[in-house]
Amino acid sequence: MELLKEKIKQEGIVLEGSVLKVDTFLNHQVDAELMHEIGRTFEELFSESGVTKIMTIESSGIAPAVMTALRMRVPMVFARKRKSLTLREDLYTERVYSYTKQEESEVTVSRKFLAPSDRVLIIDDFLAHGEAALGMARIVGQAGAEVAGIGILIEKSFQSGRGKLLELGYRVESLARIASLDGGTVTFA
Ligand code: 5GP
């Protein structure tokens, strides 16, 4: 998606450890118009996939996920990173390791928001090693529902996530694929 790539080129900052900072439009301040275009693009890509629900993880996935949900006219549910105060029996729970934060967190979704009849489109801001997307896919599996596809805004193609997800048979659509962040420069695939 050219608009997103242009924005990354203009405003992205490459940090230590192959981390891309995009807090001017996605990770802190949010460019709502860009998010709406992203929602429209995912709608086009997955229009034939029978999507009944959008799922993401708080917090940066929420903006693009809600725009996709708006376009596709389905509900959006976000997995919560902290334990909810409600009973654990009411929750689907998975552990997700973050390479960027170097910590494991528990993500939860209330059982009442996923049904076996659901076809879930997973949306996330970044795809790196695939841990977040895999955690969400496992939650969808716990509910007996199906993953309709995985939509990513920014894929770091030089890391292992895409390969892992494709190996499991998931359809992965990434709007911007980065081949390298070497030398502090963003090179697209
Ligand atoms: P994964 O689980 O695929 O290893 O990493 C994806 C998650 O880690 C995303 O949800 C995102 O929050 C975070 N992440 C991974 N790489 C980056 C990055 O380069 N920049 C930012 N801002 N977040 C990242």
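Note that Cβ sites are derived from N, Cα and C of the backbone, with glycine treated the same way.
A quick note: this is a predicted structure, and the numbers were derived from the prediction, not measured.
The Cβ of Lys156 (xanthine binding site) has 24 other Cβ atoms within 10 Å, all protein chains considered. Mapped onto three states, the DSSP output places Lys156 (xanthine binding site) in strand. The xanthine binding site annotation in TrEMBL covers Leu20, Asn27, Lys156.
Residues or ranges marked as domain 'Phosphoribosyltransferase' in TrEMBL: 36-156.
The 5-phospho-alpha-D-ribose 1-diphosphate binding site annotation in TrEMBL covers Ala128, His129, Gly130, Glu131, Ala132. Within 10 Å of the Cβ of Glu131 (5-phospho-alpha-D-ribose 1-diphosphate binding site) there are 21 other Cβ atoms, across all protein chains. In the three-state DSSP reading, Glu131 (5-phospho-alpha-D-ribose 1-diphosphate binding site) counts as helix.
Cα spacing between Ala132 (5-phospho-alpha-D-ribose 1-diphosphate binding site) and Asn27 (xanthine binding site): 16 Å, rounded to the nearest whole number. Between the CA atoms of Ala128 (5-phospho-alpha-D-ribose 1-diphosphate binding site) and Lys156 (xanthine binding site) there is a gap of 5 Å, rounded to the nearest whole number.
Rounded to a whole value, the Cα-Cα separation of Lys156 (xanthine binding site) and His129 (5-phospho-alpha-D-ribose 1-diphosphate binding site) is 9 Å. When the binding-site residues Leu20, Ala128, Ala132 are compared by the number of other CB atoms within 10 angstroms of each CB, Leu20 has the fewest. Summed and averaged per residue, pLDDT over the domain 'Phosphoribosyltransferase' (36-156) gives 94. Highlighted in sequence order, Tyr97, Ser98, Tyr99, Leu127, Ala133, Leu134, Gln159, Ser160, Gly161, Lys164 have their Cβ within 8 Å of the centre of the Cβ atoms of Ala128, His129, Gly130, Glu131, Ala132, the residues recorded for 5-phospho-alpha-D-ribose 1-diphosphate, and are not part of that set.
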